[in-house]
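Novice: Here's a structure for you.
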Amino acid sequence: MPAMRGLLAPQNTFLDTIATRFDGTHSNFVLGNAQVAGLFPVVYCSDGFCDLTGFSRAEVMQRGCACSFLYGPDTSELVRQQIRKALDEHKEFKAELILYRKSGLPFWCLLDVIPIKNEKGEVALFLVSHKDISETKNRGGPDNWKERGGGRRRYGRAGSKGFNANRRRSRAVLYHLSGHLQKQPKGKHKLNKGVFGEKPNLPEYKVAAIRKSPFILLHCGALRATWDGFILLATLYVAVTVPYSVCVSTAREPSAARGPPSVCDLAVEVLFILDIVLNFRTTFVSKSGQVVFAPKSICLHYVTTWFLLDVIAALPFDLLHAFKVNVYVGAHLLKTVRLLRLLRLLPRLDRYSQYSAVVLTLLMAVFALLAHWVACVWFYIGQQEIESSESELPEIGWLQELARRLETPYYLVSRSPDGGNSSGQSENCSSSSSSSGSGGGRGSEANGTGLELLGGPSLRSAYITSLYFALSSLTSVGFGNVSANTDTEKIFSICTMLIGALMHAVVFGNVTAIIQRMYARRFLYHSRTRDLRDYIRIHRIPKPLKQRMLEYFQATWAVNNGIDTTELLQSLPDELRADIAMHLHKEVLQLPLFEAASRGCLRALSLALRPAFCTPGEYLIHQGDALQALYFVCSGSMEVLKGGTVLAILGKGDLIGCELPQREQVVKANADVKGLTYCVLQCLQLAGLHESLALYPEFAPRFSRGLRGELSYNLGAGGVSAEVDTSSLSGDNTLMSTLEEKETDGEQGHTVSPAPADEPSSPLLSPGCTSSSSAAKLLSPRRTAPRPRLGGRGRPSRAGVLKPEAGPSAHPRSLDGLQLPPMPWNVPPDLSPRVVDGIEDGCSSDQPKFSFRVGQSGPECSSSPSPGTESGLLTVPLGPSEARNTDTLDKLRQAVMELSEQVLQMREGLQSLRQAVQLILVPQGEGQCPRGSGEEPCPATASGLLQPLRVDTGASSYCLQPPAGSVLSGTWPHPRPGQPPPLMAPWPWGPPASQSSPWPRATALWTSTSDSEPPGSGDLCSEPSTPASPPPSEEGARTGTPAPVSQAEATSTGEPPPGPGGRALPWDPHSLEMVLIGCHGPGTVQWTQEEGTGV
């Protein structure tokens, strides 16, 4: 896996800081929540406090941090009040008092209350420290404190005169909190500052930012990455030049003739020296994954790892030579040690190995670098073969063959005593040397004799030929034009071919199976990282959430190295898996909770344990979540929150969860559990726990009792629990309204006889029907009652036993509760008397409307329906049971009966309304009729037969007028002597409008007069089939009795009445309110009336 960046997320290290600063006798403390006024519950309890008092952590948690459960008879009442006052006012307090252990033994305690603030400056926690000072108090004798006056007078020392709490503050506790136990230089200034200066800084309960010196470099920072880039280039330069200078320059140039070092060599040495300095100030990642910022730790870590190698590689040979410092002739050979710096590049380059292009580029660079090294060594071997000859040159070396082909052979020249060169040459050498050959300037002697080696190919040709041989040997078996002749050359060629075979497979195999096996784990890590980044990019995850995802993935990978433990151990036998699980989870299984468990039970429980990981700021459990496991904190710290209030702080060794629930019970968490630092947990699944306890039932009761005492915080206390009942999920879909249920409860006193189960049910009311048509057909009084089914057993219905007054008066809320849909007045109600066949007209759905059960009628059966529900339209539930069908039938009958009664009430109301309209219109006609004079009454005031009336719209109000034809003909009736005046029949009335008649074959005669018409100039309003009458005389208009107009003539056509000039007057269907036919006088035309409808 690539080198990790380290765990750099901000963490709340308050608990770790307190735990590290408190040790020994000063570790007896509790932390109380200062945000819960009045109670200040304990959210954390140290192990030392439990050992001191004898109480377990579970017994102390959520109690008051004043530790009133430790009070006893000898505890000073004054100190109690002062402790309570200090907690309420969020102030520091210190006192000495007597407390009692759980066993009842008293002990002197030095109590110190210290408020802890958060990042907002608010007091978030109380640190209550307890120190046992019984030995100090009892030095004069075990009962010395009693002889001096008892406990209450002496133990309230904090309230005595002259006591200063600030001056008597516990130096040990505060020094531990502020880190003053470290050695500090002694001086007067620092002593005065520590005594009279400001108080030491206490740790704050907040998310701590990364603190580091400005002179400390982050190992994954941008500055360090840039510096590593320069070091990479310098290392590659060293890897190329050092082998060349060692193999080529040493062989062909004397050491005294070497020139000054180049600028690049000096710059590289300076970079290596500065790199050593920076490494002492660069952070590193510890084995636990934490980033170390302490300078001392950084220096110690660097000295024990790479320091020695970097010092040897950074020896400034070239720099000393530049300053004319005499260096040993072979000292520059130590430069080869710098090649070891390539090992340092591997961890740094590993982060780029997930990119295939970078991998191929690096492999090609490594292959070329290796070929360069092989070429240098091959040239050095050939040169040494020539110089090793004592008296004559060898003729089988590869350089000798190259010299003959290039016609630049080697030759030996004897050196004369005066320093000149002799002309004696060996017979196989040419007489002249090439001035262009680099060997012409050499001054080396052969074998210490007076012979000097000259001639040979140039250095450029020799190196290119060596590189050609190296590449041909590494990539294949070579072509033979440059071959190994001597034994030394052949041995080196063999090694080169072996290396070449490996490099050929790695580079030209394009990362095949060998590479996949070598980097399988790395590929898996990069593959998952790439998938995670692609997921983040596709779904546009915000940056904070993206960082949390990457941090969690890297942290979990560091814990398990990408190994799926479940899949890995699945192939192993159960016996071996149990032993491995017990070894992995031995820290959890060593808890007192599992002391009574047998080894078999422990093995079963270990298989149910799973590792878990939580990063800072992550919620392990949310309030209201179903608790499915118990969690044991192995490392790190967490906090329990509820509504932003800290209820508990959990550290290493704490157990969180709930008491053992039943197998079908679901327990909901009553608080949130949030990680403060990187936490490693062990998770015990409740499902696996139940299975294990089912196998070992003798351990279940003891485990359940012990779990209550071991839980650091019970997340199930007061939580919501529910029994999982799968039977409630399967049931018949019954449509039953609430009002029906209430009515059923209220009618339990009535006798209900269920209908036979084999009777078919009629359809329900279709929801797709229009409100008008559905309601009209439902309200039809001619709808036939359910007919008895032949051959069926009749059962008395509920309607037969109802009281006679069980009508509308018996149900005062029936009329208001009847939610009838609105019906427009211009649409006549559908009063069809036909029997409903299950599918109504005008519906958008073919679903059935009503469900009737037809039974055999008996003497007690009633055809009138029973009162129904108050929910408006009927909702008849369907059910498989016979009793439910019977109740549905009875309710339907009651609803139909109630609707019939309401229709009768509406009929009576309409009649009353008709009479009221007559009383209103008749007086208006007497005084405002435009046709009558001031002395004579309006003709409309006289009662007569049912005749078409005319509405005058020219006046301020409407009045009814008789038709002109009847007045002219003298047919308007007058009262006869001795007889009451005939009743005037009401007529459909309303203001004129612009629409046609809503009903066919129906005619009403309307006329309209205005103020512009002269009196008496009104046109006759007669049917089109009636001939026009002659003009009437004035006397005849007042006294004449017109002939009655038959109803057949009035209704023989459906055309609207003609207006002035023979034009038809339009109907007004929107203003037409009602159509009612009154009583008939003697001699009048008898109007037909539909039975039961009032029309």
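Cβ coordinates are placed from backbone N, Cα and C, and glycine is handled just like the others.
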Novice: Kindly tell me whether the record in Swiss-Prot places Ser297 on the same side of the membrane as Leu360.
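Specialist: Domain labels match for Ser297 and Leu360 in Swiss-Prot.
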Novice: Please identify the range among 3-23, 87-107, 465-485, 633-653 that Swiss-Prot labels intramembrane segment.
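Specialist: Range annotated as intramembrane segment by Swiss-Prot: 465-485.
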Novice: Taking 206-226, 332-352, 668-688 as the choices, which stretch does Swiss-Prot tie to transmembrane segment?
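Specialist: When 206-226, 332-352, 668-688 are checked in Swiss-Prot, transmembrane segment belongs to 332-352.
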Novice: Residue counts in helix (H, G, I), strand (E, B) and coil for the topological domain 'Extracellular' (486-490), per DSSP?
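Specialist: Taking the topological domain 'Extracellular' (486-490) as a whole: 4 helix, 0 strand, 1 coil.
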Novice: When you scan the chain for residues with a C-beta under 8 Å from the transmembrane segment (362-382), skipping those not six or more beyond its ends, what do you find?
Specialist: 236, 239-240, 243-244, 246-248, 251, 349, 352-353, 397-399, 462-463, 466-467, 469-471, 473-474, 488-489, 492, 496, 499, 503, 506-507
Novice: If you run through the topological domain 'Cytoplasmic' (281-302) with DSSP, how many residues end up as helix, strand and coil?
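Specialist: DSSP composition of the topological domain 'Cytoplasmic' (281-302): 8 helix, 6 strand, 8 coil.
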Novice: Sequence-remote contacts (6 or more beyond its ends) of the topological domain 'Extracellular' (486-490), Cβ cut-off under 8 Å?
Specialist: 378, 381-382, 384-385, 394, 396-398
Novice: Take every residue in the topological domain 'Cytoplasmic' (281-302), average their pLDDT values, and give the whole-number result.
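Specialist: Mean pLDDT for the topological domain 'Cytoplasmic' (281-302): 86.
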Novice: Under DSSP, the domain 'PAC' (93-145) has how many residues in helix, strand and coil?
Specialist: 6 helix, 30 strand, 17 coil
Novice: Write out how many residues of the domain 'PAS' (18-90) are helix, how many strand and how many coil, based on DSSP.
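Specialist: Helix, strand, coil within the domain 'PAS' (18-90): 35 helix, 11 strand, 27 coil.
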